[in-house]
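Q: Annotations for this protein, taken from TrEMBL, read as follows:
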SIGNAL    1-32  signal peptide
DISULFID  Cys118-Cys150  disulfide bond
BINDING   Tyr122, Lys124, Tyr141, Asp148, Asp330  alpha-D-glucoside binding site
COMPBIAS  224-247  compositional bias 'Basic and acidic residues'
COMPBIAS  364-384  compositional bias 'Basic and acidic residues'
COMPBIAS  400-419  compositional bias 'Basic and acidic residues'
Amino acid sequence: AAGPRGRGGRAPAAVALRLALLLGAALGSARATVYFQEQFLDGAKWQKRWMNSEYKADLGKFKLTAGKFYGDPVRDKGLQTSENSKFYAISSRFKPFSNKGKTLVIQYTVKHEQKIDCGGGYIKIFSSNLDQKNLSGESHYYIMFGPDICGSETKKVHVILNYKNKPHPIKKPIRCKVDGYTHLYTLIIRPDQTYKVKIDNKMVASGNLEDDLDFLPPRKINDPTVRKPTDWDDRIQIDDPNDIKPEDWDEPEYIMDTSAEKPEDWDDAVNGEWHYPMVKNPLYKGEWKPRQIDNPNYRGVWPHPQIDNPNYSPDFSIYSYENISVIGLDIWQVRAGTIFDNFLITDDEVYAEDFGDETWGETKGPEKEMNVKQTEEEQERERITEEKYFEQRFKKKLERKKESGKDRAVRNTIEKEEL
């Protein structure tokens, strides 16, 4: 397989995985080109390949960790956000390339082990002219892809592509994963201008870029020279002509409260002439409207004749970008703890799928097992703590009862002596 095959250390586990991936790629996709691959297998050396932005003094810090639970303590290490309510900005540069005439696959794993309530988990792809030290939300990007979660409403996967210096978001809603486990996100853009989004190596959305993102004006428009016929009735329901307003319906919304009395300290010269206050009329029924019935003359929605849009011009290069050279994380998080790992940019869908299966696919099971075990152990500790708490309360209650019993015995003796 042509192209660089990852970056990182020479640890035995790293070397074994590296060889396995190379063998798999050679057997399954001999022509794959890997433009960028990062698994953080060489410890602290990742800091030489990734550059923190300096556009703000109080940006959040990333740390290398596998998290609280994991499938493999080495292979699951990634960049984790470590400070709450912070902006984060970090990026890594690779050899510039163009995806013109080629498939572009962008893939990575993200794990919200903190059960994120509001924050981004997406990545951005930039051109070679990005100023990495000043990376921010204002930096011009080519592609933005990945999950975004905030509250109960925003739980989506962003697919935003830049076209003529303007970002165009996908019109299809794509729901992201919201549990605390690691998930694999993949974006595939093909030269035929189709795309595919996969989560955990399963397709969740696909389509044509021109249809699902507003890059170009519509191919067809309504014929401006044609008007809807005057006798075309497109009202689904109409007023019932036999429905008559009741005679007692017309009651005012507010009436004077004649039970009110003029305050004794009311000064007409100062406050003006006193009037009875207005109160809500309990007999008011609102504006009367006749009931609705099905329109017997309904003809449906009028089909406006369409013509070719004179402003439409096809563009068969909306999928391609020149000098792709930087991948970055530019996000905000309220509650930190997200881990980013297994970054991959390639031109081969099969290689990306195999890479996902051989990384995320092999550690997802043990990761869940560790999390379940930790949860059970935590529940057991909480149960023991709760039992001890109630046991102590029970002992104290018994002691108070014994003390109160002694006091009663003493009082009875005194009363007998006095008697």
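Residue positions begin at 1 at the first shown residue.
Just so you know, glycine gets a Cβ as well, placed from its N, Cα and C.
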Q: Please give the sequence-distant neighbours of the compositional bias 'Basic and acidic residues' (364-384): residues at least 6 beyond its ends with Cβ less than 8 Å from one of its Cβ atoms.
A: 68-72, 76, 180-182, 200
Q: Give the residue counts of the compositional bias 'Basic and acidic residues' (224-247) per reduced DSSP state, in the order helix, strand, coil.
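A: Here the numbers are 0 helix, 3 strand, 21 coil.
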Q: Any residues 6+ beyond the ends of the compositional bias 'Basic and acidic residues' (224-247) with a Cβ under 8 Å from its own?
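A: Same-chain residues near the compositional bias 'Basic and acidic residues' (224-247) but 6 or more away: 288-295, 297-302, 304-305.
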Q: Run through the compositional bias 'Basic and acidic residues' (364-384) and tell me, per DSSP, how many residues are helix, strand and coil.
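A: Helix (H, G, I), strand (E, B), coil: 21 helix, 0 strand, 0 coil.
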Q: For each of the binding-site residues (Asp148, Asp330), count the other CB atoms lying within 10 A of its CB, then report the residue with the highest count.
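A: Per the Cβ count, the most surrounded site is Asp330.
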Q: Let me know the largest Cα to Cα distance in Å among the alpha-D-glucoside-binding residues Tyr122, Lys124, Tyr141, Asp148, Asp330, as an integer.
A: 17
Q: So which of the binding-site residues is most packed in, judged by how many other Cβ atoms lie within 10 Å of its Cβ, out of Tyr122, Tyr141?
A: Tyr122
Q: Roughly how many angstrom lie between the C-alpha atoms of Tyr141 (alpha-D-glucoside binding site) and Cys150 (disulfide bond)?
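A: Answer for this pair: 22 Å between alpha carbons.
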Q: Quick check: of the binding-site residues listed here (Lys124, Asp148, Asp330), which one has the Cα closest to that of Cys118 (disulfide bond)?
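A: Answer for the nearest of the binding-site residues: Asp148.
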Q: Tell me, how many other CB atoms lie within 10 A of the CB of Cys150 (disulfide bond), whichever protein chain they belong to?
A: 15
Q: Where the distance is taken from Cα to Cα, which of the binding-site residues Tyr122, Lys124, Asp330 turns out closest to Cys150 (disulfide bond)?
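A: With Cα distances computed to Cys150 (disulfide bond), the winner among Tyr122, Lys124, Asp330 is Tyr122.
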Q: Report the same-chain neighbours of Lys124 (alpha-D-glucoside binding site): residues 6+ apart in sequence with Cβ closer than 8 Å to its Cβ, ordered by sequence.
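A: Listed in sequence order, they are Ser139, Tyr141, Tyr142, Ile143, Met144, Phe145, Ile327, Gly328, Leu329, Asp330.
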Q: So how many other Cβ atoms are close to Cys118 (disulfide bond), meaning within 10 Å of its Cβ?
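A: Other Cβ atoms found within 10 Å: 14.
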